[in-house]
Amino acid sequence: MLPVVVVHGGAGHIPKERSEKSTEGVCSAVRAGYVVLKRGGSSMDAVVEAVTHLENNPAFNAGCGSVLNVKGEVEMDAIVMEGKTLGSGAVSAVRNIANPIQLTRLVMDKTSHACLTAEGASQFARSMGVPEVPMESLITEYARMRWRKNLVPDANPVECQMGKMGTVGAVAVDSEGNVACATSTGGMLNKMEGRVGDTPCIGSGGYADNQSGAVSTTGHGEAIMKVTLARLILFHMEQGQSAEAASDLGLAYMKSRVSALGGVVTVDPQGQWAARFSSHQMSWAAAQKDTLHYGLYVGEHFTQGIDEPLLQGI
Ligand SMILES: NC(=O)C[C@H](N)C(=O)O
């Protein structure tokens, strides 16, 4: 069964003209993560590799392609966690770096803290030699266009959020049975400056524990935090539910309790996995036993050889 890596490219409504790029993006990221696992790399190496690919892909709301805050600026949140030690690292409201997920790993490995924020996170990045990039290099035409649209007086904020969820995340199990998760996002369009979402919060944006599994989440951050979605799903797994049933239970609770939709990728330490969502769409992909799995709409599940060019769904 082992190893396995599963990624998501955000839950929400993905406009038709962007769905192809989204599907291609998650498939190429999951392949990159799988190569790491096949070479004997750890689940942490694999999720960071996969999420780095997604951050570098402008089709997603993370790294380059992040949504803009109310001032038209990029502030990003990210988290990693490993299931063997329960060690984690996170950054929130960080600016001017290309790959927040790599900075979270440095927070985990090089500090005694779990989360660094804003200017403190930037100072730490500088001290670690992480290159600073101009904010403009993280802003796409699409992100700018959606931000402008949101500013017009009769804009519908709900509609504006749709089509640009696109948070990214990954979970993996390596050949030693260690689980890990990684999640990265630009947050919510038009958010207040300094807003911290669910993504960098342990138990909300992600959680990993070798005794139950790993989860990475996407959706409306304030709602995810209310139900601590990642930890809630692992609680259900601790009670004997499968990765798939536990994911559905967590998402159903968030829907009934706080009327919010979202999506998750989940693994258990044996390598059972799930990609589940209550939103209209979520781009996702998984790689296991040299097979690529992927989908975008509810019920969609394509499979093919890991190295074959994408055959369907694009
Ligand atoms: N698209 C998302 O998943 C957004 C993210 N959860 C946030 O609220 O920051």
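Every residue, even glycine, has its Cβ placed from backbone N, Cα and C.
Taken from TrEMBL, the feature active site, nucleophile covers Thr167. Summarising the annotation, TrEMBL assigns substrate binding site to Arg195, Val196, Gly197, Asp198, Thr218, Gly219, His220, Gly221.
Features per TrEMBL, on structure.
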residue	record	Cβ contacts under 8 Å, 6 or more apart
Thr167	active site, nucleophile	His8, Gly10, Ala11, Phe60, Asn61, Ala62, Thr183, Ser184, Thr185, Gly186, Thr199, Thr218
Arg195	substrate binding site	Asn69, Glu75, Ala93, Gly187, Met188
Val196	substrate binding site	Asp77, Ser92, Ala93, Thr117
Gly197	substrate binding site	Asp77, Ser92, Thr185, Gly187, Met188, Lys191, Gly205, Gly221, Glu222, Ile224, Met225
Asp198	substrate binding site	Ser204, Gly205, Thr217, Gly221, Glu222, Ile224, Met225, Leu229
His220	substrate binding site	Met188, Ala260, Leu261, Gly262
Contacting binding-site residues for ligand 1, chosen from Arg195, Val196, Gly219, Gly221 when the Cβ sits under 6 angstroms of any of its atoms: Gly219, Gly221
Cβ neighbour count within 10 Å of Gly219 (substrate binding site): 25
DSSP-derived structure type at Gly221 (substrate binding site), helix or strand or else coil: helix
Farthest-apart CA atoms of Arg195, Val196, Gly197, Asp198, Thr218, Gly219, His220, Gly221, residues recorded for substrate, distance in Å: 16
